[in-house]
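Remarks on the structure that follows.
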Amino acid sequence: MAMSSILNADDIKKSLDAFAVAGSFDHKKFFEMVGLKAKSFDEVKKVFLVLDADNSGFIEEEELKFVLQGFAKDGRDLTDKETKEFLRAADKDGDGKIGVDEFAAMVKE
């Protein structure tokens with residue numbers, strides 16, 4: 001499933017452009033700009049399933065690094081620091097990965 005079937009393609013492009021510089025990623029601002037914050041749990045879950053590249057039911061640190069590419073193929077990789085901060089912000093149970101409920105809660109922050 002393409003992100004553009006869930007989110008507005010222009011919003012995706014603007015959001016990726018806003019965080020194109022390495023070290024600039026802010027998940028709260030990104031989710032708001034891309035329009036995900038205003039979506040229902042079911043729509044957020046669809047985005048989660050796209051980002052869960054290995055279909056494990058979790059987004060692991062390695063998948064987080066490529067999260068922007070989940071929104072558009074030309075999205076940049078997150079830096080190691082951005083990836084770790086993103087994981088820390090979402091991983092409420094401390095298991096080193098993000099479940100769908102953790103992801104949804106983070107999106108709605």
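Heads up, the Cβ atoms here are built off N, Cα and C, so glycines get one too.
All TrEMBL annotations are machine predictions without curation.
What you are looking at is a predicted structure, and each value in this text was computed from that prediction instead of being measured.
So that you can see what the record holds, here are the features copied from TrEMBL:
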- D52, D54, S56, F58, E63: Ca(2+) 1 binding site (BINDING)
- D91, D93, D95, K97, E102: Ca(2+) 2 binding site (BINDING)
- 39-74: domain 'EF-hand' (DOMAIN)
- 78-109: domain 'EF-hand' (DOMAIN)
List of residues, in chain order, with Cβ under 8 A from that of D91 (Ca(2+) 2 binding site) and at least 6 apart: K97, I98, E102
Counted with DSSP (H/G/I as helix, E/B as strand, rest coil), the domain 'EF-hand' (39-74) has 20 helix, 2 strand, 14 coil
Run through the domain 'EF-hand' (78-109) and tell me, per DSSP, how many residues are helix, strand and coil. 20 helix, 2 strand, 10 coil
For D52 (Ca(2+) 1 binding site) and D93 (Ca(2+) 2 binding site), determine the Cα separation and express it in whole Å. 18
Between D93 (Ca(2+) 2 binding site) and S56 (Ca(2+) 1 binding site): CA-CA distance (Å): 17
Closest to D93 (Ca(2+) 2 binding site): which of the binding-site residues D54, F58, E63, going by Cα position? F58
Tell me, how many other CB atoms lie within 10 A of the CB of D95 (Ca(2+) 2 binding site), whichever protein chain they belong to? 10
